């Protein structure tokens, strides 16, 4: 029998089952044991009472599991340490467009993106489309929002551009020109450097910087925002969001400074480019660009850490109606909005390769190893579903 790597509690169950060499049980006879309230609190966050999940009232001292009740974080140092351990990455960037189909066509035909999914919300009069260069669970993507009847927006002066890494800038520019796109800067070396870049605009006027690079796992690689105090912004994104200052470059000749912030090297991850123009402390942000979304293991802790570092919470942490996602939203010291999101599925990604989470009971059969896996889920409330217990039963067949 091939070896199957499992979480520690499950591995113990396998060993126990394997010791009974003549074990033959019918699947219908398997029973799902109850999981205690205390265990549920430790695994899935918040206190459980009356069938409803409540958010933890305090920021836990230790442990990444949402709602692990171990006391409050009382110092800035403890908060910073937790942020460093939190599993974070840039998920998507959200902005508004006036013609969704036209924008989708431009992104797919000129920029090489794929339409990942599209959803219409008629009761709220808007449509979303997610596009990118790979699956949402592993790539940074764009979320386009079309509000019924709104054909144009004010991009403002604060938003800068998106960055896309391409292997041949000149060839990409030629394609965009052939498709009727707008090129605002012809291909050539960046000012004061050797990197070959170009700038183009999409149908709504959003600027894209094309950056010539070799193959990269994350072609959608930058979001540039302008800030009024660069040191303050760097401090906030380091302490509140756990980002790393990847590099900082001052350009006195052109009177601006940039700082690259992110969760890994620029050539392999999407990053945030913060730009400070000498003497400019405020910008018109318009109404087109919306926000960046960042993953987190615990939205409640995240909200507390953001508060500790001077951020303003614009949406208190909690679940979104109807889906397995909890979020909190905030603005940074310059007023740029960020949403931090936790999905129940991301809490144990290794289980996602073993089981399929669906409403009700789900059976997953691994034929080669003759293993049955059952997932039990309980509905907490009318508008939210959460995994309450994951019970794996193993049937080991003898030769």
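Sequential numbering from 1, following the chain as shown.
Yeah, the Cβs are placed from backbone N, Cα and C, and that goes for glycine too.
Marked as active site, proton donor/acceptor by TrEMBL: 209. Sequence-distant contacts of residue 209 (active site, proton donor/acceptor), defined by Cβ-Cβ distance under 8 angstroms and a gap of at least six in the same chain, are 161, 162, 163, 164, 197, 198, 199, 222, 224.
Counting Cβ atoms from all protein chains shown, residue 143 (Zn(2+) binding site) has 20 others lying within 10 Å of its own Cβ. If you look up TrEMBL, you'll see 143, 161, 209 marked as Zn(2+) binding site.
Under DSSP, the residues of the domain 'VOC' (89-213) split into helix, strand and coil as follows: 23 helix, 57 strand, 45 coil. According to TrEMBL, the domain 'VOC' annotation covers 89-213 (among others).
Positions annotated as domain 'VOC' by TrEMBL: 219-343 (among others).
Residues or ranges marked as signal peptide by TrEMBL: 1-20.
Averaged across the domain 'VOC' (89-213), pLDDT in this predicted model comes to 96.
Taken through DSSP, the domain 'VOC' (219-343) splits into 20 helix, 58 strand, 47 coil. Neighbours of residue 161 (Zn(2+) binding site), defined as other CB atoms within 10 A of its CB across all chains, total 19.
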